[in-house]
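Q: Pulled from TrEMBL, these are the listed features:
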BINDING   R75  pyridoxal 5'-phosphate binding site
BINDING   R97, S98, Q105, R313  substrate binding site
BINDING   R271, R398, K463  tRNA binding site
MOD_RES   K284  N6-(pyridoxal phosphate)lysine
Amino acid sequence: MNRESFAAGERLVSPAYVRQGCEARRSHEHLIRLLLEKGKCPEDGWDESTLELFLHELAIMDSNNFLGNCGVGEREGRVASALVARRHYRFIHGIGRSGDISAVQPKAAGSSLLNKITNSLVLDIIKIAGVHTASSCFVVPMATGMSLTLCFLTLRHKRPKAKYIIWPRIDQKSCFKSMITAGFEPVVIENVLEGDELRTDLHAVEAKVEELGPDNVLCVHSTTSCFAPRVPDRLEELAVICANYGIPHIVNNAYGLQSSKCMHLIQQGARVGRIDAFVQSLDKNFMVPVGGAIIAGFNDSFIQEISKMYPGRASASPSLDVLITLLSLGSNGYKKLLKERKEMFSYLSIQLKKLSEAYNERLLHTPQNPISLAVTLKTLDEHCDKAVTQLGSMLFTRQVSGARVVPLGSVQTVNGYTFRGFMSHTDNYPCAYLNAASAIGMKTQDVDLFIQRLDKCLKTIRKEQSRESDVSGIDSSDKTEDVDAEELYK
């Protein structure tokens, strides 16, 4: 209610009580005003009543919610189901216009304001997370792969001769298909093995640039977040190569926003060389439903070009989800989640190391990877390839999600390109292994339950192997004895 409404209310209820209610409302409005003025994530999270008041105030600014609206067009924000309308807080028009996803809609001032605020808050979080000089970003209602495709399509107009994208290999289909979908030819650069880690072959990248000719290369497509034993690309060195040869540089930072190390690599790469845009997922970094990503960069005009490349309007759902989440958490709440994630990574590393040693396996030494860990499965692989894949299926049926079992010698064809050793990021990694990651939102009980179930699965497989050896008449006396690793975690 406005002041006139409160004043009218004083004729019905004690003025002292009405004034008290007015002051309470002003407290909510003060938070909203600060948000609109500063465009930054509040330090402390909002309560639900403030959030719902804010969303309601925005929604009634859209034409579909006008009391006297008369819509005679083909897109008037009509919704058949009241449940659907409530699910979207009655934001029906989406964001953007036909020519620009970031443009303001005349019919939807509230949705447009929501979009602008969300982009501003996300940029603030990107800076808090470590990329301090990022100048622009926008939320796009597509997951990471298609968002990368949008970046490549934007570069096509700037580099019409280019047909190749140089891509240090990472065995993840969506980032590979993003280049194919955009109509370019990926040039796969194999990684080099340094200790246990798979790292960027910088000499091969530069040699390929010279071989193809810089004008024929659309960009270098690098990666930060990845499954161990692959580690983040050498972003600083790649950025220098791109700057020296005048080649754009697009970074797949899928779930790297939650990692200070990945964000530091992006910041340093932009400082010493060239990074045109970096793309990250909303669901992986902000714990919202799948369907959105953030495209960010250091040059406002280029990021605006990407937003204008998106054809038509877009769903406001991803923007609404991340706005609600950030206002609920506040910057302090998000910082706390980042801190807890680091602590969980250390805890998961310690527990996996204990368990792996109990089974004569080894936690791979991958210090450059701040999110993912890998444990060797040599004893399983030496016995039977089937035992490795069996472990993966056993974990899945025991409701362990996210863990990946990577056998040796897997071959996969993606869009006509054949990858040997697929999932291991190289043709011939020395051993089979198991992946586990510490991502934002993970709790101690998640780690403990995973370790407990992994221990039981390994124990079961060992017993089966022992029985098979006895049946086949093989002397298993020299085999490693089973260790009751469960005792370590009581």
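Every residue, even glycine, has its Cβ placed from backbone N, Cα and C.
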Q: Since the record lists S98, Q105 as binding-site residues, which of them has the fewest other Cβ atoms within 10 Å of its Cβ?
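A: Each of the binding-site residues S98, Q105 was scored by Cβ atoms within 10 Å; lowest is S98.
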Q: Just name the winner among R75, R97, R271, R398, K463 (the binding-site residues) by count of other CB atoms within 10 A of its CB.
A: R97
Q: So of all those recorded positions, R75, R271, K284, which one's Cα sits nearest to R313 (substrate binding site)?
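A: The smallest Cα gap between R313 (substrate binding site) and any of the recorded positions is with R75.
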Q: Can you grab the distance from the residue listed as 'N6-(pyridoxal phosphate)lysine' over to R398 (tRNA binding site)? Cα atoms, rounded to a whole Å.
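A: So the alpha carbons of the residue listed as 'N6-(pyridoxal phosphate)lysine' and R398 (tRNA binding site) sit roughly 23 Å from each other.
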Q: Reported as an integer number of Å, what is the Cα distance between R97 (substrate binding site) and R271 (tRNA binding site)?
A: 34
Q: Using Q105 (substrate binding site) as the reference point, find which of the binding-site residues R75, R398, K463 has the shortest Cα-to-Cα distance to it.
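A: Closest by Cα distance to Q105 (substrate binding site) among the binding-site residues R75, R398, K463: R75.
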Q: Across all the protein chains here, work out how many other Cβ atoms are within 10 Å of the Cβ of K284 (N6-(pyridoxal phosphate)lysine).
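A: The answer is 22.
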